[in-house]
Structure formats: C-alpha cells, structure tokens
C-alpha cells in the first residue's frame, strides 16, 4: 500500500466515523424527545392525547418513508442555509441527523414500551411528577435498551453515510464510489469494504459491552 | 380516616361502558387493617386505586382525614400521594436501582438532603431486616425480599395509609406469612392504616380487623372478620370462605 493510499483510507475512515457519531448524537437529540412524546401521549399513558400522538406519528412516518438518498438531495437548500455548503462531511451530517431522527424516535418509543406499566404506576403512587417519571424512572429503566438502540442507529448511519458518499458526503462511501464506480480499483474497494465491516463490528462490540454493563435486570 | 361516598368508575372500551365500581361507600378508621376481598375482575384493584386517585372516580367523593380529594388538581394530588404508601403484587421495584436507591426514591422526589435520606433508609433497612442487601440490585433478591424492599419504599415518606394491592399473591405461603407479620407489626408499631386487597381468605383471616366483600363492582358484604367468618350472608362470601377446586 502506498503512503498516499494509506492516508486516503485513513482520512475516509475518520470522516465516516465523524459523520456517523456526530449525526448519531444529533439524531438522538431530535429523536429522543420525539420518542418520549410518542410514548407518553399513547392511550392510557401519562399524557394520553390522541391528536398529539397522531400528528407526531404522522411526521415521523413521513420522514421514515423518504429513501435516504432522496432526502439528501431534497434537503440541499436547507443544508446549505444551515451550514453554508451542501458538499462534504459537515453538510452530510444535516440530512443524516434528520434522516435518522424518526428512526430513533420509534426505537425510543419501543424501548419505553418494554418497561412494565406497574413501575410507572408505583412512581405515580409515590407522588412523582411526569417530568420526574421521565427522568428518574423511564430513562434509567430503559437505559440498556436505549444503548442497544444507539448501536443499531450508529450502524444504520454507517450505511447511510456511505450512501451519502455518492452525492458528495465524503468518507469511505465517497472513496468507494470514486475508486469503484468511476474506475475500478480492486485493492481500494476491498479495503473500503473491510474498513466498513470493521467499523460496524466495533460499534456492535462496544454497544453490547456497554449495554451489559448498565443492565441490572438479571 | 378514609371515606368513600357513592363511588362509581366506568371504563370505556371501544364505546362499550364497563362498570368497574358501582356505588361503593366505605369508611375505614384510623389504625385499622381493612381487607377488601373479591375475585379477579370484581373491581377491587380499581377500588384501591381510587383511594390515592391513580384512578379518578367517574362519580362520588373520597375523603382522606376529612379532606375531599376528588376535586384536587394533579399537582395537589402529588402531596396527598406522599401521605399514602402503596405496594403491589409484582413489587414494581426499579431494576436500575439498588435496594438503597429504591427505598430512597420517594425521598429524592422531594428536596430532602442526602444525609437525611441516608439515615431514613438505614432505619427502614433495619425495619425490614435487609441491611446486608443495601447495595444489591432487586434482580438478586427473592420474592419475599423484594416485597420487603417495596414495603420500606412505601413507608419512606412516613405515610398515614398503606395500600396493599394483592401484595402476597405472588408469594409462597411461608413468605406470605412473614410479609403479613411485617404488615401487622407496621400497623401496631407505626399506627399506619392499612387497606389490603386480596382474593385469599387466609390473608384476611390472618391480619384484617374488618373486611368488605366486593363482586361486580359492588360491596356485597361488610363486617368484622370474626363476624364474617361465622355469619357469611352472600353466596360469594361463602364461596370465598370455602374455596374448592373440585370440577364437576
């Protein structure tokens, strides 16, 4: 491997990691509250409210229906307004975060549904407010499941960010596109593949370990 | 202490009205252990949940220590609920918290200083005899130990009333006995009024002073425990007194 190739791949890996983790962070920033709203406004839950629940679910479903590659292109004007450019790593983080947020919202809702209702009822009986129940009961009780959802989201984002590479997002996806689709370089293609696999395995491994550490259910 | 006047509760399931409580009136005295017995679906769980307003009655009034609570807002209810402890069939402990964290939980909801919480939790651990499990997680405890922790948690904020919803139904007879004797001790030593929901007549016999029999949302019989055992009037009470698993 030439030094140039090495640095090309190193830079690509770095960019993919930055895109994955920062959009993972932002997608949770958006998706976590959305998921909590979806859960709390469900029938018979603390803030049961059919219209809020339906409206939130409607927008979540719309954004989940848009194929990611279309979303990136569609969002270009918005991305440009927000970060000043529509190409490169920084620009890709915008659609990646928006694209993953509804996915995260649904994952969070499912994590919260796993908590036995009796635990919420017990907290209510002790005079906990809704905010206290969310912060002190729902979040810690769902933590192991939330960590798993985090790894799942990050892995999905590795894939999304690679897709984004085709439309100027940078990272390993971009290298794969340039050296594979435009002119086939078997060595670089294989390296890109191996690196992507390595990243995914690494995220899953660390996620599983972290989830186990915070899980006291058995 | 606790007075229910003409309490109704109707649930709606797809436009179908289900009467869970039908004109229930009860009076429970301070320091009493009051049993409410009935089969599953009789409305007894709904009944106990109206006392701390986990379920708001559709109609009727509830008075706690003379104060009408049915008209209170959710915010005001928080203060009422801190004066009423509750334990459950499935314990409902926080799996993410240690024994200490669970017992401290209701206290951390208020602004109680940490040092004071620690003292209170240690007192309670002494009461339930689980000092050596202070930093264990609930998953490592037996059913009886979990219920003890739940009792300590319910007592943490020094309530006047303890509601027990099928608290011994998931426990074996031996463990049931030890939990019941703990409840009896709490009643005697701390003077806490206990309302106990169950479908087991032995539980009523063991610790209750008075008992109400509930069926299809109605109180069908109400009496002192001795009297009920000697002069059961309704067929449901007789069936509860002489349960039989013989299939004919």
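Just so you know, glycine gets a Cβ as well, placed from its N, Cα and C.
Where the annotation comes from TrEMBL, it is an automatic prediction and has not been curated.
The domain 'ABC transmembrane type-1' annotation in TrEMBL covers A:13-205.
Taken from TrEMBL, the feature transmembrane segment applies to A:20-40 (among others). Tertiary neighbourhood of the transmembrane segment (A:20-40): same-chain residues 46-47, 52-53, 56-57, 60, 92-93, 96-109, 111-113, 130, 134, 138, 150, 153-154, 157-158, 160-161, 199, 203, selected by CB-CB distance under 8 Å and a gap of 6+ residues from either end.
Only residues 6 or more beyond the boundaries of the transmembrane segment (A:52-76), in the same chain, are considered here, and those with a CB under 8 A from a CB of the stretch are 34, 37-38, 41-42, 86, 92, 94-95, 98-99, 101-103, 105-106, 160, 163-164, 166-167, 169. Taken from TrEMBL, the feature transmembrane segment covers A:52-76 (among others).
Residues 15, 18-19, 22-24, 26-32, 34-35, 38, 56, 59-61, 63-64, 66, 68, 71-72, 75-76, 149, 153, 156-157, 160-161, 164, 168-171 of the same chain lie 6 or more positions beyond the ends of the transmembrane segment (A:82-105) yet place their CB under 8 Å from a CB of it. Summarising the annotation, TrEMBL assigns transmembrane segment to A:82-105 (among others).
Per TrEMBL, the feature transmembrane segment maps to A:145-167 (among others). Through the fold, the transmembrane segment (A:145-167) approaches residues 16, 19-21, 23-24, 27-28, 68-69, 72-73, 92, 95-96, 99-100, 103-104, 107-108, 110-111, 114, 139, 173-177, 181, 196, 199-200, 203-204, 206-208, 210-211, 214 of its own chain, all at least 6 residues removed from its boundaries and within a Cβ separation under 8 Å.
Long-range contacts of the transmembrane segment (A:187-207) within the same chain: residues 1, 5, 8-9, 12-13, 16-17, 20, 147-148, 150-151, 154-155, 158, 162, 172, 175-176, 179-180, each at least 6 residues beyond the stretch ends and with a Cβ under 8 Å from a Cβ of the stretch. Marked as transmembrane segment by TrEMBL: A:187-207 (among others).
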